[in-house]
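See structure below.
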């Protein structure tokens, strides 16, 4: 599963702090020539006596340097959201200042300049703030289309919506909310509880503060969330193939080699007198003991053929037999005294 890496706010401080005062940006203002940002009061006071950027020495407007700076609302919103309590403390300082100096005129007369903007209106949240949310079962687009008919006819008031309302800290994660729903509804472990915002599934590591910042929720009502229950996906386990050990033949030996390994070697076979009659000694029931020799004598099977017969009896193949040696080819053999031509 993909996991995010959380970083500390101190690692982002070089991008969120003013180089002139050493504090976090307040009314962040950017120089258009080099895009370096500073606090508004800091850069205005600096450009009264200097015509260069404090960080890179890029020259700004020679005669009217204030024309080269712009207010950066996006950067200021990022600073307020990343630094806990910064917006709340800044609004309190402004209210205290104008309370101590009531005759001071506020430029442009904005509520934020007077410190009269609340955190709820700005959209900033703190970790310990309580967030109101609504949770209901996710029906899907098809079910919503099917229920449009009864709602248009006025029968939707009779149907219970099943919406539940909760008050949770802003630092609570989606994983904790899913565990709460699982325990509340006694969902078996083989099913997965998934939390959604509209039709988009939420990451388990998202906090309610992250959802409020990522999605267009303006805090004009409870945070609308949905949930659904799905079967948990099982991970596929691949069959492990045994690793061939050293000295083991894994190259796919041929059938001839496998048969020859199982069959006994011709050199180790005993004498074939038990299975074949000896050329010099007639066997019981042979033609020489009871009658004249056969008209068409048959030559005895050589040792290699005998071993082949034994191999065939054991389920082997005759095509894998070794060729008789040269000594067996030149040997003269007789059957019952009759010469037999040498084998070729």
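Note that Cβ sites are derived from N, Cα and C of the backbone, with glycine treated the same way.
From 51, 81, 192, the position flagged in Swiss-Prot as SUMO2 cross-link is 51.
Record note: of 88, 122, 184, 203, Swiss-Prot gives the feature SUMO2 cross-link to 88, with no matching annotation on the rest. Of the candidate ranges 18-57, 138-177, Swiss-Prot annotates residues 18-57 with the feature zinc finger. Assigned with DSSP, the residues of the zinc finger (18-57) fall into helix, strand and coil as follows: 7 helix, 9 strand, 24 coil.
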